[in-house]
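First comes the structure, then the notes that go with it.
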Amino acid sequence: MCGIFAVFNYPDDIHAFRRRALLLSKQLRHRGPDWSGCKISGNNILCHERLAIVGVDSGAQPLTNEDESIILAVNGEIYNHRALRKQLRSGVTFKTQSDCEVILHLYSEIGKDVVNHLDGMYSFVLLDTTRNRFIAARDPIGITTLYQGWSSSSPNTVYFASELKALNEVCDKIISFPPGHIYDSLTGETTRYYKPPWWDGEIIPKNPINYTVLRESLEKAVRKRLMSDVPYGVLLSGGLDSSLIASIATREAAKLAATQNGYQEDSDERHIGNSGKNSLTKFNGLHSFSIGLPGSPDLVAARSVAEFLNTIHHEYTFTIQEGLDAVHDIIHHLETYDVTTIRASTPMYLLSRKIKAMGVKMVLSGEGSDEILGGYLYFHAAPSAADFHKETVTRVKKLHTSDCLRANKSTMAWGLEARVPFLDGTFLNVAMAIDPEEKVFREGRMEKYILRKAFDVSTTGGVRYLPDSILWRQKEQFSDGVGYGWIDSLKDASEQHVTDEQFANAAERWPKDTPTTKEAYWYREQFESWFPQEACIDSVERWIPRRDWGCPEDPSGRAQRVHNSAYDNVANV
């Protein structure tokens, strides 16, 4: 991934603005420390901060077509770029080995319908100079981040950036650009292009579970995300989701090691990267990474998985004080004051720094499974299967405000890219089409039963994906699994920082989106110190617990009635 800053229809001297634009783009350099680029055409400017993953030597951005009539800046990865290249008319000249360049040439043939052909995670801005047309788009679920802004002093000017911090100095209206949408300056409209069959939560699916299809669609999702010219690894918490991704990645990495020049997929030759070489061989195998407080449930479980999979495992611990010291910076990077997101982001942020220091640029992660399959423990309280399904649809649609935001910004704070196989389009369509009666909790079926069962080969004689103690381990939210003392320490710290009088007057200070706990007040106060402009609040969305289901105010999984202490089971892992 990378960082984007772009302005369309700047009202004054664009060349005089160039220096300011570069400084604003520099606010995103943590996302792309490898190279910086800038292109001006007319009264438009596109800036890019690059993190080189594919086409390392030749993919500097912004990209242009042969006559430089189209300029493109992309943050993301296009997994089907090789297949798309083959679909283009003959005579197209590619300047780079970047997976993103295909967007330029596909746009020149089919226009903005290009977004309906991309398989990947991306945000991009594209300038068509022949039509003075500017388009911007974001991937279907919002795995990548993108913000749009305006200034009342020049209402016809439109700003885009990968993070809020590049816009808050120049815009007085800022929104999080909606996932699955495309903006077109010719109409001034932003329209939804992503229209999957499951989008309407009122339509309850009736498909029976097919364990083979579910398993194979996830395996394929992991496989395509191994596209890389640089060393990569897996985030391993020891929970079901990250452990399954690690297990599948281990198998796929072994296939790649056996076929140095790549492998075949659906008759389309796909290499791990454009170099045609397996980047794992440069790094001596698949590396896994975990973090937690000393003795935490996640560390114990992750160690067990790593031993089972024979990964090269790296285990890190942090102290409560180190975590507390990082919170202020984390809020700056996350650009949110949501309680759950900040709690879970802190260990991920600390771990990402350690990983990047080892020379790793990309990791696979397990976000999305709990939203798709109703894995959070509060789903136990769903009144019916229909309500269960509607909530999964809502949670998937809101991923860009929570887990995707956390995974993207916690890692990209250090120039580390996180890829999320569970949010693959095909896997999503398969999993969201399953009858929710198959997903709900009942006697003999724990959360995410169908996912666990799909990878349970104990009765078929196949090679096991995971130990049973992990495959059937209860859900632990990341902020809980790193050590129960972490959330408790955050609550204690907020008690020290926020007086009773301050909290009593919270509604007067913040009539909009008023904090309901001292912890939430503390985060809101720190967010405001970084982003004092009123416009910045409009881009934030907090997770609100389902109080109508009888769920507690605290979003922690540990606060749910059905939770069993992981510490009680550590000895069995």
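Glycine residues also receive a Cβ, built from the backbone N, Cα and C atoms like all the rest.
Remember, TrEMBL labels are computer predictions, not curated facts.
The active site, for GATase activity annotation in TrEMBL covers Cys2.
Residues or ranges marked as L-glutamine binding site in TrEMBL: Asp99.
The ATP binding site feature in TrEMBL is assigned to Leu235, Ile291, Ser365, Gly366. Within its own chain, Leu235 (ATP binding site) has Ser242, Ser288, Phe289, Ser290, Met348, Leu351, Val363, Leu364, Ser365, Gly366, Ala418 as residues 6 or more apart in sequence whose C-beta sits under 8 angstroms from its own.
Taken from TrEMBL, the feature domain 'Glutamine amidotransferase type-2' covers 2-188.
Taken from TrEMBL, the feature site 'Important for beta-aspartyl-AMP intermediate formation' applies to Glu367. Sequence-distant neighbours of Glu367 (site 'Important for beta-aspartyl-AMP intermediate formation') (same chain, six or more apart, CB under 8 Å from its CB) are Asp241, Leu399, Asp403, Cys404, Arg406, Ala407, Ala418, Val420, Phe422, Leu423, listed in sequence order.
Counting in whole angstrom, Asp99 (L-glutamine binding site) lies 13 from Cys2 (active site, for GATase activity) by their C-alpha atoms.
Sequence-distant contacts (6 or more apart, same chain, Cβ under 8 Å) of Cys2 (active site, for GATase activity) comprise Arg31, Gly32, His48, Glu49, Arg50, Leu51, Gln61, Val74, Asn75, Gly76, Ser162. In the structure as shown, the Cβ atom of Gly366 (ATP binding site) sits within 10 Å of 25 other Cβ atoms. Neighbours of Ile291 (ATP binding site), defined as other CB atoms within 10 A of its CB across all chains, total 28.
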